[in-house]
Amino acid sequence: MKLIIYLTILAGTALVTHSSVQKEDHAPYLAYLKSNFNPCVGVLIKASWVLAPSHCYLPNLRVMLGNFKSRVRDGTEQTIYPIQIIRYWNYSHTAPQDDLMLIKLAKPATFNHKVQVLPIATTNVRPGTVCTLSGLDWSQENNGRHPDLRQNLEAPVMTDKDCQKTQQGSSHRNSLCVRFVKVFSRIFGEVAVATVICKNKLQGIEVGHFMGGDVGIYTNIYSYVPWIEKTTKEKMT
């Protein structure tokens, strides 16, 4: 089932208001997938496992957890290399709705107030549920290519009908659709609203590369729970 989320993006930046101080939101489950290519965001679902979009399978990938600010260290920073990356078996450029992969970490993450797991949704989300769009953005002092600020935005889940009216929504199955009231002007805007969290569980991860405009597509995690659980249990050793 496709669902659509309507949200308001404040003018100027993706998720950040025009204030002198930017507040970092609480999202300790976010993992930054750092590479020499485009930025990507995943979610720590178990101590040794990160769930992420399959298109984030990039050379020289490193998983960053904890504090993401390069200029300020607080002891929560962790960089862990993957030892195995497992793409969803049906993923291809012609089947972008299956844009998921599991990353097994070389060692378990060390939990702290900025590093925590997020359970995955085992039921579908009902229309009208207010969910959180959680991702990474660039702080005002950050002129680099890597995001460093956790940001959250609330938005209600809408029905499948509106999603079907959009070109993006009608061409994806197992999807949640997001309609942005204002378009993104920033390159790599997808990392700012990379995940959908409903009732404190991971419900969606962005599909494909965000190409601008007012529609975002998310993989509905609920449809992939059997594959996620089977894979993470089989690969424990």
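Residue numbers in this text run from 1 along the chain shown.
Just so it is clear, glycine is given a Cβ too, placed from its N, Cα and C backbone atoms.
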- prompt: Pick from Cys56, Cys131, Cys163: which cysteine does Swiss-Prot list as forming a disulfide with Cys198?
  reply: Cys131
- prompt: Taking just the CA atoms, what is the gap between Cys163 (disulfide bond) and Cys56 (disulfide bond) in Å?
  reply: 25
Most Cβ neighbours inside 10 Å, all chains, among the disulfide-bonded residues Cys40, Cys56, Cys177, Cys198: Cys177
